Amino acid sequence: MPELPEVETSRRGIEPYLVGHSIQYAVVRNARLRWPVSEQILTLSDQPVLSVQRRAKYLLIELERGWIIVHLGMSGSLRMLREENEDEAGKHDHVDLVINNGMILRYTDPRRFGAWLWCEDLATSSVLAHLGPEPLSEAFNGDYLYEKSRNKRTLIKPWLMDNKLVVGVGNIYASESLFSAGILPDRPAGSLTKAEAALLAKTIKAVLQRSIEQGGTTLRDFLQSDGKPGYFAQELQVYGRAGEPCRTCGTPIESAKHGQRSTFFCRRCQR
C-alpha cells in the first residue's frame, strides 16, 4: 500500500505538470473504485489547477470551483504521459486527466481500492475529518507522543498506525521507525518514557524524510509519477526481512502479527 512518502513523491512529481495549467476533461474508464468516481469529476471542463497538496495519504488537487481528492488505495499509482499515448491505456488504467499542456495524468490501480472524490470545501470532507497531525509538522513531537501515550495499553506498533494519533505512519515506516529508535513494537504504548517518545518522534520524521528523498518504497505496484520505482526498499532494515540477519547485530529478524498486520523487528536491538 502506498504510504505517506509514496503519496508525497507522487504529489511532487505531478505538481509541475498541473499547477498553472487547466484540466481540459477527464476520461473515466472504470468508475467502480473503492467508492464510485464523483460525478463532478466526470464532467470537468477547462478547470485551472491552483495547487496540488497532500493531507495524510490523500492527494488534494485544488481547482477554481472545488477539490479533487485522490486516494491511491492498496495498489494505485499516478504517472504523467504525453497526450499522444492516450490510446495506450491498459485494463488497470481507470482515470485520465487531460491537461492543456499536452500531458495526461493517468491513474492505474489493479485492485481498484483507490478513490477519486469531489469536494467543494475541504472543511466539509468526511474523509479528512478527525485526522491527526502530519508527522513532519512541528505539532508532532516527543511531548505530543508522550502525552498521547499515557495509560495506553495498545501495543506501540498499531498505536502509531492510528490516523487519529498521527497520519501517514503505515506498516512499513512504523516497523522501520521503531527499529531505528530501538523500541520493541509489542510494548504497551503507555510504557514509553519521555526520552523514548522524543527519540521516536525524531526517528519517524527522519525515516519518512529519507524515504521521500529516495522516491518512496516499491514493494509491488507503486511507481513514481515518471514510471520509475522508489528506491527506499533497498534501505529497509527490518520490514520484509524475517529470518534474515539484522544489519546491525546479525540476529535473525523476527516477525509477528499486530492488528492483523505483519510486524518486523530485532529482538536484540530493540527493547
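In case you wondered, yes, glycine gets a Cβ from its N, Cα and C as well.
Not measured: the values here are computed from a predicted model.
The active site, schiff-base intermediate with DNA feature in Swiss-Prot is assigned to PRO2. DSSP assigns PRO2 (active site, schiff-base intermediate with DNA) to coil, not to a helix or a strand. A 10 Å cutoff on Cβ-Cβ distances gives PRO2 (active site, schiff-base intermediate with DNA) a total of 28 other Cβ atoms nearby, all chains included.
The active site, proton donor annotation in Swiss-Prot covers GLU3 (among others) and is backed by sequence analysis.
The active site, proton donor annotation in Swiss-Prot covers LYS57 (among others). Of all the Cβ atoms in the protein chains shown, 21 others lie within 10 Å of the Cβ of LYS57 (active site, proton donor).
According to Swiss-Prot, the feature active site, proton donor maps to ARG261 (among others). Sequence-distant contacts of ARG261 (active site, proton donor), defined as residues of its own chain at least six apart whose C-beta falls under 8 angstroms from its C-beta, comprise LYS157, PRO158, MET161, ASN171. DSSP gives ARG261 (active site, proton donor) a strand state.
Among the features that Swiss-Prot reports, DNA binding site is placed at HIS92, ARG111, LYS152. For HIS92 (DNA binding site), the number of other Cβ atoms no farther than 10 Å from its own Cβ, over all displayed protein chains, is 17.
Sequence-distant contacts of the zinc finger (237-271) (same chain, six or more residues past either end, CB-CB distance under 8 Å): 155, 157-158, 161, 171-172, 174-176, 178-180, 182-186, 219. According to Swiss-Prot, the feature zinc finger maps to 237-271.
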Residues satisfying Cβ distance under 8 Å from LYS152 (DNA binding site), sequence separation of at least 6: TRP159, PRO188, ALA189, GLY190
By Cα-Cα distance, the member of active-site residues PRO2, GLU3, LYS57 nearest ARG111 (DNA binding site): PRO2
